[in-house]
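First up is the structure itself, then whatever we jot down about it.
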Amino acid sequence: MSTPMILRESRTSTTFSDQLLENAKSVGCSPPSTAPGDIDPGTWDKIKNHPCFSEEAHHYFARMHVAVAPACNIQCNYCNRKYDCANESRPGVASEKLTPDQAVRKVIAVANEVPQLSVLGIAGPGDACYDWKKTRATFERVAREIPDIRLCISTNGLSLPDHVDELAEMNVDHVTITINMVDPRVGVKIYPWIYYGQRRHTGIDAARILHERQMLGLEMLAERGILTKVNSVMIPGVNDEHLIEVNKVVKGRGALLHNVMPLISNRIHGTYYGLTGQRGPEAFELQALQDRLEGTKLMRHCRHCRADAIGLLGDDRGHEFTLAEIPDEITYDASKRQAYRQLVARERGDHLVAKNEANRTVMSVEYGGSLLIAVATKGGGRINEHFGHAKEFHVYTVSQRGIKLAGRRRVEQYCLGGWGEVATLDHIVVALEGIDILLCVKIGDYPRKQLTQAGLRATEAYGHDYIESALGALYAAEFGIEPPVKTATA
């Protein structure tokens, strides 16, 4: 029996909900999700539905952040917190601050309409551990109303050691710490001040205290079996080379994942780095650094989430769920989320088979080169996005070593109102520099021609296929080997 497609076009409509239920019924019993070979089953069970901790999960599951923690105890040179901003896509920004009660109401509304939702996080817009009373109250109330949702926090780590035991008691089993240095001499270039022990600290003293508290918190989390992801901002000329040492240190202290993110530096954001002209890294610089890191598993699918982000990574739906749109009284209905999970279990089983076949194909090539391939996707692990509608492209390296996600390239949407913008296309061509081939479900003649002139081949030939199946078949065609039988896509 063929696998039903995961529909996403009418995401909040009754038709979509009904289709999910019908699809879930049609697939019957679902096979269990299998842990990858490099992850133990216990860890896999915790991360398999968390879109930030599992690259595979981000194709299928959504996260939600609630902006209940505006207070912060450090100042970073790359941060300018904003609490009523709808236009910027970066950490520390939210459209509206919430009380714990408002947050619970919003979480129920989202859970009822977004069946992909699996995780609730508190990531500010300040610091979740420093603004602890609001964080704790929110988690306690959400856990009572929606007991099957996973809880996680993001923190700078300064106040983390004070609350690790409480996090464990509340079954918070995923924590992200932003660690940009393990040498206070580097830290003084990133943090003007911290607030700790009832007073403000500056200079080397501030960086030293922050470092010591971050390391203590990381060790305490590891001792209690709480999974930790470390975020690091790559700041060219400040900590880029130093992040190699950061990677080694955080692995030794128990971090599961390391996510190296590019500095977002724009004057209009009002950050110190933005106003002083500190540049962010180019895409190739970020990838080159990531490729040099050894130790923890790397997260390469980060989206720089806002403090009020909602939805699949790369598809923020926060604007659909403002407080004004949510009823004062609302009851949780688990049926959509339960049906969706049944559907996804079957889809993931088929996807895993296709992924393994594709990797066997490319690794069987005796003489083959390396390809850098961009993919337009809107979820489900498939090539299912029109070139003109894409706001980002997933980038994969394909070689005899296998198929690996290398990162993503952000772009402006080319096609608006049915027409493409020439200036936007020029920027897309620049953003895709170094890419050999682009895969999408549809592309117009003009953008295809412009990409070809820039040395980039675009093709619709693998539309709606699993990404890895398409990459394997494409690699086989490029290097003259027999590809596996094509996996059914509908």
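Quick reminder: no glycine exception, Cβ is built from N, Cα and C everywhere.
Here is what Swiss-Prot says about this protein:
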{"type": "DOMAIN", "residues": "58-308", "note": "domain 'Radical SAM core'"}
{"type": "BINDING", "residues": "C72, C76, C79", "note": "[4Fe-4S] cluster 1 binding site"}
{"type": "BINDING", "residues": "Y78, G126, T178", "note": "S-adenosyl-L-methionine binding site"}
{"type": "BINDING", "residues": "C302, C305", "note": "[4Fe-4S] cluster 2 binding site"}
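Only G126, from the binding-site residues Y78, G126, T178, place their Cα within 10 Å of the Cα belonging to C72 ([4Fe-4S] cluster 1 binding site). Working note on the binding-site residues C72, C76, C79: by count of other C-beta atoms within 10 Å of each C-beta, C79 ranks first. Separation of the C-alpha atoms of C79 ([4Fe-4S] cluster 1 binding site) and G126 (S-adenosyl-L-methionine binding site): 10 Å, rounded to the nearest whole number. When Cβ atoms from all protein chains are considered, those within 10 Å of Y78 (S-adenosyl-L-methionine binding site) total 23, not counting its own. Taken together, the residues in the domain 'Radical SAM core' (58-308) have a mean pLDDT of 89 on the 0 to 100 scale. T178 (S-adenosyl-L-methionine binding site) has a Cβ environment of 22 other Cβ atoms inside 10 Å. Note: the Cα of G126 (S-adenosyl-L-methionine binding site) and the Cα of C76 ([4Fe-4S] cluster 1 binding site) are spaced 11 Å from each other.
Geometry remark: T178 (S-adenosyl-L-methionine binding site) versus C76 ([4Fe-4S] cluster 1 binding site), CA distance 11 Å.
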